[in-house]
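Asker: Quick one: the structure is below, and I'll ask about it shortly.
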Amino acid sequence: MALPSHSQSCQAEVPMTWRFSRQVWLYLTSAFTFGLSQAFAALFLNFYLRALGLGAEWQGLVNALPALTLACLSLPAVALARRISNARTLQLGSVLSLIGAVLLSLSAGPLAAIVGALVQGAGAALLSVAGAPFMANNSDERSRVTLFSVQSALMTGAGFLGNLLGGRVPELYAAATGAAPDGLAALRAALLVSAAFQLVGLLPVLFLRPSGRPRPQGRSFAVRDKGTMTRLVAPNVLVGLGAGATIPFLNVFIEGKFHVDYASLGTLFAWTSLATAATVLVQPLLVRRLGQLPAVLVVQAASLPFLAVLGFAPQLWMVSAALFTRGALMNAAGPVYSAYAMSALPDEDRAMYSAVNTIAWDLCWAISSLLSGVVRGLLPFDAAFRVLFAWTILMYAASVLVIFLGLYRRVYRRERRLAPTVAAGPPS
């Protein structure tokens, strides 16, 4: 079925610009360095936990804890952001994320790892709640889609560099010290480099300033447009349920199935990040041609066959190609969807949407990660991942369907009803 473009809701005819303010560039600089840090951490966290002697169940718990903490603290983070501004909230969140990264890197057992993950989750809650509203408040309709796309591209581009360079850190450490490249000390060194990038990313955040816009009036947790917010959050609930089962463990899946070394694994994830960054930067052109919601639907639906290849293909080259393409398509829709949500909601609902969306997505991610650890603990390696990938595909497909039925079709029908009135013009 073809997806026609409609200007009002899909924002296809709004002129776009790439000009951003100094505050936005400071934020983007920080996003890039934090992206480097996240790439290091994501590549090695599960292997680091394994080197600490923690099994699949513990790995699932530690991966889930930041999301659980984020979900629990997102609503308080909204109240804090409304009181002290999004800029100050970003600063506090960056500090907490750095502390959590250091604690996790220096942990000697499960207790310290859990504390580090909890502190990281607290910082992530503040960053998640304040990030999108900060960008929305420092942009307009002409620059918003490009800003969200550039921010996502910088994060994923940083992921390219982080994975490419990060995959070499254990080898370099081993060559310098004589330690084993897959040993605890080498993996800890990689996570400490990740924490160092977070420290660098903190510096531009310290120069952020409040936008000067008046604070929202009324209750801290009030929502003006509940219906729109519900329809915007529902698809991400399904994505969270699907993603948590497999995405945090793709490194374990590929390493275990094809016996790939860390350097090759880092290179593989690096090129995946680069493909995602390139696709994200193309998204504004697709939005201009199709509109925001049709662009999201097209790229997310196109990613589903590649997700199936990723989970079930028997050859590494097939899995690698699917990893590149699926990641690029699925993740490229994220900034466009976020920009659409910010445009569809009134100003006072934006921080609450970020919080509710974060709670829903991360709670579902955490639950799915925990259950994924249980499944991997109970079933043989191959059987466990077959079950988990089938679940992920089902949830992603359901998310695309919910976007189509709950958002696109609803808006399309409303615009068709309004079209005759607009065409007729005002009464004479």
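Every residue, even glycine, has its Cβ placed from backbone N, Cα and C.
Keep in mind that TrEMBL annotations are predicted by a computer and have not been checked by a curator.
It should be emphasised that the depicted structure is a prediction, and the values quoted were computed from it without experimental measurement.
Marked as domain 'Major facilitator superfamily (MFS) profile' by TrEMBL: 23-410. What TrEMBL records for 24-49, 61-80, 92-111, 117-136, 145-165, 185-208, 229-250, 262-282, 294-313, 319-340, 352-375, 387-408 is transmembrane segment.
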Asker: The transmembrane segment (352-375): which same-chain residues, six or more beyond its ends, come within Cβ distance under 8 Å?
Answerer: 56-61, 63-68, 70-72, 74-75, 77-78, 125, 128-133, 221-223, 229, 232-233, 236-246, 248-249, 341-342, 345, 384, 387-388, 391
Asker: Near the transmembrane segment (117-136), which residues from the same chain, at least 6 beyond its ends, have a CB less than 8 A from one of its CBs?
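Answerer: Sequence-distant neighbours of the transmembrane segment (117-136): 24, 27, 62, 65-74, 76-78, 80-81, 86-87, 89-90, 92-101, 103-104, 144, 147-148, 151, 208, 211, 338, 341-342, 350-351, 354-355, 358.
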Asker: Hey, which bits of the same chain come close to the transmembrane segment (92-111), Cβ under 8 Å, at least six residues off its ends?
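Answerer: Same-chain contacts beyond the ends: 30, 34, 37, 41, 45, 52-54, 58, 62, 66, 77, 80, 117-127, 130, 188, 191-192, 194-195, 198-199, 201-202, 205.
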Asker: Tell me, roughly as an integer, the mean pLDDT over the domain 'Major facilitator superfamily (MFS) profile' (23-410).
Answerer: 86
Asker: Let me spell it out: take the transmembrane segment (319-340), skip the flanking residues so only those 6+ beyond its ends count, and list any with a Cβ under 8 Å from a Cβ in it.
Answerer: 11, 132, 144-145, 147-149, 151-152, 156, 250, 254, 257-258, 268-269, 271-273, 275-276, 278-280, 282-283, 287, 292-293, 295-296, 299-300, 302-303, 306-307, 309-310, 313, 396
Asker: Tell me whether the transmembrane segment (24-49) sits in contact with the transmembrane segment (387-408), defined here as at least 3 Cβ pairs under 8 Å among residues 6 or more apart in sequence.
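Answerer: With fewer than 3 qualifying Cβ pairs, these stretches do not touch.
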Asker: Counting a contact as 3 or more Cβ pairs under 8 Å, with residues at least 6 apart in sequence, do the transmembrane segment (387-408) and the transmembrane segment (229-250) touch?
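Answerer: Answer yes: the transmembrane segment (387-408) meets the transmembrane segment (229-250) with 3 or more Cβ pairs below 8 Å.
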